[in-house]
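Novice: Below you will find the structure I want to go over with you.
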Amino acid sequence: MKLAVYGKGGIGKSTTSCNISVALAKRGKKVLQIGCDPKHDSTFTLTGFLIPTIIDTLQEKDYHYEDVWAEDVIYKGYGGVDCVEAGGPPAGAGCGGYVVGETVKLLKELNAFDEYDVILFDVLGDVVCGGFAAPLNYADYCMIVTDNGFDALFAANRIAASVREKARTHPLRLAGLIGNRTAKRDLIEKYVDAVPMPILEVLPLIEDIRVSRVKGKTLFEMAESDPSLNYVCDYYLNIADQILANPEGVVPKDAADRDLFSLLSDFYLNPQQPKTAEEELDLMMV
């Protein structure tokens with residue numbers, strides 16, 4: 001099974017991806033997480049350090065693919081999750097999407113794709129150009145990380161459009177949305193009413209999720225010394241269980257940008273007023 005995780009930049013995709021990878025491993029699956037971001041920090045919370053990238057390794061080998069071995073580019077992370085970072089070109093030069101393609105090419109030559117039960121692509125930001133949409137060409141499911149805000153849902157809608165486009169050529173499905181560190185879910189639900197898709201999970205505003213990123217640890221590793229965090233791990237285990245159940249998923253019908261802008265803007269400009277005590281009493285008497 002191959003998964004691709006997308007979402008607005010800074011929304012918490014890498015933290016979410018790492019914890020989902022560990023959750024899948026705890027369900028007995030052999031997991032490979034591939035970071036597809038020039039920052040090459042996707043797997044930081046799994047390994048505790050910034051691992052060398054595939055591009056770094058290829059440069060050292062003068063791009064002789066035959067001289068690269070699996071142990072040169074695949075690093076063992078927490079919970080037995082294997083980790084790869086694609087890396088990227090120097091800032092302001094080259095195409096990061098091309099690097100993603102080269103990463104997939106190398107891993108295929110190393111037969112890495114055949115050794116894992118689950119491969120998870122953690123893809124940068126909300127960039128959905130052809131290059132960074134490349135992981136969708138290999139994925140069975142896409143998951144979109146969002147919060148209860150305007151910008152994240154606007155980005156989610158653009159990603160949904162990419163899923164719809166890629167689904168024309170192979171059996172890709174959108175598994176659903178993951179709400180990350182959000183105190184409310186009303187705007188998420190308003191979006192889903194307009195653009196039907198599953199909500200896999202909504203994680204509350206838990207400070208330890210943010211702290212885990214700084215510590216370079218998954219919530220599962222933190223919970224080993226602080227069992228009070230086990231309830232946070234359950235959110236990720238729930239997502240893993242849903243994915244392993246091979247959900248039907250959807251081919252999303254994204255909203256037009258202007259329609260979505262109006263829908264989400266209206267939520268802020270014309271908020272629903274809470275019912276008064278008298279109105280609540282009237283409802284109870286009906």
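In case you wondered, yes, glycine gets a Cβ from its N, Cα and C as well.
Reproduced below are the annotations present in Swiss-Prot:
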- G10, I11, G12, K13, S14, T15, K39, N180, R181: ATP binding site (BINDING)
- S14: Mg(2+) binding site (BINDING)
- C95, C129: [4Fe-4S] cluster binding site (BINDING)
Novice: Give me the largest Cα to Cα distance among G10, I11, G12, K13, S14, T15, K39, N180, R181, the residues the record lists as binding ATP, in Å as a whole number.
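Specialist: Those residues reach a largest Cα separation of 22 Å.
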Novice: Say we define neighbours as other CB atoms within 10 Å of the CB. Which of the binding-site residues K39, R181 has the fewest?
Specialist: K39
Novice: Work out how many Å separate C95 ([4Fe-4S] cluster binding site) and K39 (ATP binding site) at their Cα atoms, rounded off.
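Specialist: One finds 14 Å between the Cα atoms of these residues.
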Novice: Near G10 (ATP binding site), how many other Cβ atoms are within 10 Å of its Cβ?
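Specialist: Taking all protein chains shown, G10 (ATP binding site) has 10 Cβ neighbours within 10 Å.
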Novice: With DSSP assignments reduced to helix, strand and coil, which class does S14 (ATP binding site) get?
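Specialist: Going by the DSSP assignment, S14 (ATP binding site) falls within a helical segment, counted as helix.
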